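Q: Features from Swiss-Prot:
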BINDING   74, 77  Na(+) binding site
TRANSMEM  1-21  transmembrane segment
TRANSMEM  36-56  transmembrane segment
TRANSMEM  66-86  transmembrane segment
TRANSMEM  94-114  transmembrane segment
């Protein structure tokens, strides 16, 4: 049952990620990997919100956590795409953009996680 929950959640997360990828490409262009940047930051914020809620409120089942955190968020976020995008920027000669992308993604994702946890902590 656990594998099925992760499988279904992962499919949903991947579908939403694909939606964000295509939408950002249409709206913002493809010169900078806005799609992966947005996905990594928002995924970390949501993970922080969920982790904070579960840590302070508890009460959710392992199946729920597997479906939501491992499945949906695991399918939605990815640092393998992050690494590829950074390498592609570098390979294209956009070294400055690559540095901004890597530093911005890491700093904002970690800040988003702490922010999500702090928000839940303040609400409980």
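Keep in mind that glycine also has a Cβ here, set from the backbone N, Cα and C atoms.
Where in this structure would I find these features, and how exposed are they?
A: Long-range C-beta contacts of residue 77 (Na(+) binding site), restricted to its own chain and to partners at least six residues apart, with a cutoff below 8 Å, comprise 13, 17, 39, 40, 43, 44, 47.
Long-range neighbours of the transmembrane segment (36-56) within the same chain, counting only residues 6 or more positions beyond its ends whose Cβ lies under 8 Å from a Cβ of the stretch, are 17, 20-21, 24, 65, 68-69, 73, 76-79, 81-82, 85, 101, 104-105, 108-110, 112-121, 124.
Nonlocal intrachain contacts for the transmembrane segment (66-86), taken as residues 6+ away from its ends with a CB within less than 8 angstroms of a stretch CB, comprise 2, 5-17, 33, 36, 39-40, 43-44, 46-47, 50-51, 98, 101-102, 105.
Sequence-remote contacts of a segment are chain residues at least 6 beyond its ends whose Cβ falls under 8 Å from one of its Cβ atoms, and for the transmembrane segment (94-114) they are 32-33, 36-37, 40-45, 47-48, 51, 82, 85-87.
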Q: Neighbour count, 10 Å Cβ-Cβ cut-off, for residue 74 (Na(+) binding site): what number do you get?
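A: There are 18 of them.
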Q: Let me spell it out: take the transmembrane segment (1-21), skip the flanking residues so only those 6+ beyond its ends count, and list any with a Cβ under 8 Å from a Cβ in it.
A: 35, 38-39, 62-63, 66-68, 70-78
